[in-house]
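Taken straight from TrEMBL:
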DOMAIN    43-294  domain 'G-protein coupled receptors family 1 profile'
TRANSMEM  26-47  transmembrane segment
TRANSMEM  68-89  transmembrane segment
TRANSMEM  101-122  transmembrane segment
TRANSMEM  142-165  transmembrane segment
TRANSMEM  213-231  transmembrane segment
TRANSMEM  243-264  transmembrane segment
TRANSMEM  276-296  transmembrane segment
Amino acid sequence: MADKNHSQFQHLYFVLTGIPGLEQKYYWMALPLGATYIIALFGNAVLISTIKSESSLHIPMYHFLSMLALADMGLALCTMPSMLGIFWFNYKSIAFDACLVQMYFIHTFSAIESGVLVAMAFDRVVAIWNPLQYSTILTSGVVCRIGAVILTRAVCVVFPVPFLIKRLPFYGSNLLSHSFCLHQDVMRLACASTRVNSLYGLTAVIFTKGSDSLSILFSYVFILRTVMAIASGEGRLKALNTCVSHICAVLIFYVPLIGVSVIHRFGKHLSPLTHALMANTYLLVPPVLNPMVYTVKTKEIRRKLIKMFVPTKITVEG
């Protein structure tokens, strides 16, 4: 009978949480938060624009970087409405269905980013292991197929998640722990067994981020073995230097991700502030820092930024 009446007691909305304990300072945090989103969106847009306009960057490594920038922009755009709504207007409600949509896109873009990082690791393996055949192995067609596989995997793996949540009854607390909707956070509010959701969520994480992290690890083991076989120290250093940006991107993505996963499963005793800060770091740091890392390491991108912000003198000959 309870199952029959679930729809009568289903929440129409959830209540989002900003940063517990700092509610009185939201007014002062609104401007830095808005600036953070502008930096994330602008930085990734500049990456994509530069790669598109600079013919010297029309190589697989930078095509994958464009995919990473698109995933970062997607993550930023997914969280921006609810985050700015809380900190700018103190609007904390989100409709049940809107929460499911936001949850779907957050997890989808996160899975896409993880897959792109694997593709970039494979790119570095080919470039270091067999540089002469690099353009032959990673053709434009191969890069497009890899991108299609990454997108299809993310869309299909995350697709059941909103429906698994939709079937659950919610008539207890409707207060979420974060400023956006995550599967684990919404699932814990359900008033029924979440065993299926937990099993599927764990399987999805293992299939995407778990297998991806292992693939990246094995890729770098192979890269290190290949680099150690290079005779000259200068050659080894040059080969490893091509991997620095990617290693930074991997750490920027996976360290906060692991932190959020560990806290959700084993850190229930920790303060709500810790949970909120870790979740915000997980979704905000990669879109902000990735463009900075690749700008520092890519002279063509640095040149484009200089042209944009440093006015050039126009000389007129009489």
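Easy rule for this one: first residue shown is 1, then count along the chain.
Cβ atoms are placed via backbone N, Cα and C, with glycine included.
TrEMBL entries are annotated by machine, without manual review.
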Chain residues outside the transmembrane segment (68-89) and at least six past its termini with a C-beta under 8 angstroms from it: 16, 18, 26, 29-30, 33-34, 37, 40-41, 44-45, 47-48, 102, 105-106, 108-110, 112-113, 116-117, 120, 179-181, 249, 280, 283-284, 286-287, 290-291
Mark yes when the transmembrane segment (26-47) and the transmembrane segment (276-296) have three or more Cβ pairs under 8 Å (sequence separation 6 or more) and no when they do not. yes
Do any residues of this chain, six or more beyond the ends of the transmembrane segment (101-122), have a C-beta under 8 angstroms from a C-beta of it, and if so which? 61, 64-65, 67-68, 71-72, 74-75, 78-79, 82, 94, 146-147, 149-151, 153-155, 157-159, 161-162, 165, 180-183, 186, 208-209, 212-213, 215-216, 219-220, 246, 249-250, 253, 257, 283, 286
